Amino acid sequence: MALVPIVVEQTSKGERSYDIYSRLLKERIIFLTGQVEDHMANLIVAQMLFLEAEDPEKDIYLYINSPGGVVTAGLAIYDTMNFIKPDVATLCTGQACSMGAFLLSGGAKGKRFALPNARVMIHQPLGGARGQATDIQIQAQEILKLKEMLTRKMAEHSGQPFEKVAADTERDNFMSAVEAMEYGLIDKVLTHRDMK
């Protein structure tokens with residue numbers, strides 16, 4: 001079980017304690033950490049919808065430190081980022097790999113950031129299938145459809161040609177923050193707090 005720090009604030013009505021993530025949510029900061037999976041994706045989607053209801057004009061900040069995970073869970077987050085009215089700024093702290101990199105690149109244009117020592121990794125979707133030959137064929141076709149769609153979206157976000165992204169994602173492709181910026185996955189490497 002992970003330890004989650006508690007912060008205490010003094011108010012005119014006394015003390016109020018929050019877990020650190022709830023306190024940061026008040027500042028419109030959402031953390032995407034660890035494997036991208038359905039439960040985590042649902043929590044992030046709910047937080048984005050809540051913040052949109054609170055103020056549809058103010059940006060939301062999605063901090064990413066993830067090795068990637070389930071494509072459909074990541075797409076739930078991605079679609080919500082594009083569905084809601086506020087811009088979603090993305091910031092990589094640590095790593096944004098696989099679906100984490102896809103979500104990082106899917107932030108609002110001009111508002112996609114990484115810290116100087118962050119690592120970004122892009123590759124094609126992974127999958128496995130077992131069962132009857134027909135079932136394996138169906139799964140393979142689905143993975144190929146997802147690969148084409150993710151490659152097209154990443155090309156759109158990065159400004160790179162589809163063919164280049166397709167070639168660059170054939171195998172794990174690791175980048176520094178500066179290399180991710182040069183590739184077009186992010187807009188700026190932050191060395192201090194200035195998300196403009």
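For all residues, glycine too, the Cβ spot is worked out from N, Cα and C.
The active site, nucleophile feature in Swiss-Prot is assigned to SER98. The active site feature in Swiss-Prot is assigned to HIS123; the stated evidence is sequence analysis.
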In whole Å, how far does the CA atom of the residue listed as 'active site' lie from that of the residue listed as 'active site, nucleophile'?
6
Close in space, distant in sequence - SER98 (active site, nucleophile), Cβ under 8 Å, 6 or more apart:
PRO67, GLY68, GLY69, MET121, ILE122, HIS123, LEU126
Measure the Cβ-based neighbour count of HIS123 (active site), defined as the other Cβ atoms within 10 Å of its Cβ.
17
